[in-house]
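Listed in TrEMBL:
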BINDING   GLY95, HIS96, SER97, LYS98, LEU99, GLY100, LYS101, SER102  ATP binding site
DOMAIN    1-291  domain 'Kinesin motor'
Amino acid sequence: MLRICSPIIPGQTEQGGRSFLTIDPRRKQVTVHDPAASGYITSSNRRAAVAAPKMFAFDGVFSPDDSLSEVCSGSLSEILQSVIGGADGCLFSYGHSKLGKSFTMIGKDHSPQTLGVIPCAISWLFKLISEQKESTGARFSVRVSAVEVSGTQENLNDLLADFSKVDGCGSNGVYLREDPICGTQLENQSELRAPTADRAAFYFDAALASRNQNAEEDGRSSHLLFTLHVYQYRIEKANRAGLPGGISRLHLIDLGSTAKSKDPSNASLSLSALGNVIMALLNGQRHLPHR
């Protein structure tokens, strides 16, 4: 999905020029026009030949006029249904810095219209679970985990470790394990039981507070992986006993800003590398170009 942000330079669309983009929300398409054909480029600087417009299709397109609640609804609906159905899901905001990625994922608690993707996902997931319980009689258990990835060494930090210690099941640290079948696996993160949406939201706020504290201490910009682990149990009609019915996970990721560098091209390279990994996953490649 694609979200078009407002002009970075205030008033640039009112200076006689026109946008480089044409948005067609109904067809879920965006057309990119050659800047040389727009009013931003003076006639003396225009190239003799103007490239033809290029069209790109997406699963969804949101314009600058679309509210955050509309973005959340459009991006979460199918994923949440899939998670309830037993499949894993992942959602994150991807793009250059200072374009509102964290605001999209986290939002503000001023009003329901300014809640980000993660708070909405928590609330709506529990609502779907409640509806599923009523319609099928299935039982659910939800646990949450929150891991921070920071620094050039990609250090891992369990943001809910303190709560895990209180419950008497503290972990010895998060680490990555190479699995010959499933690939790289994140291991040993705390999973805390969240019987209600309010409890899950509380753990999310606690993870944000711990993440912000770490950022203030060493000035780094980290990535946040917040996961909702959904355990389902089938009901045996004979004795009404609960049997394991599988587990699904909803991974919600807030990507931090690219680390500052003397070479501005590093940020673009980082985004390009992430894009290559995403395309490799979509194409089913066994080797992911992330090293």
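The backbone N, Cα and C atoms fix where each Cβ goes, and this holds for glycine too.
Location within the structure of each feature annotated in TrEMBL.
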residue: GLY95; record: ATP binding site; Cβ contacts under 8 Å, 6 or more apart: LYS101, LEU271
residue: LEU99; record: ATP binding site; Cβ contacts under 8 Å, 6 or more apart: CYS5
residue: GLY100; record: ATP binding site; Cβ contacts under 8 Å, 6 or more apart: CYS5
residue: SER102; record: ATP binding site; Cβ contacts under 8 Å, 6 or more apart: SER93, ASP254, GLY256
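Comparing the binding-site residues HIS96, LYS98, LYS101 by how many other C-beta atoms lie within 10 angstroms of each C-beta, the top residue is LYS101.
The domain 'Kinesin motor' (1-291) scores a mean pLDDT of 81 in the predicted structure.
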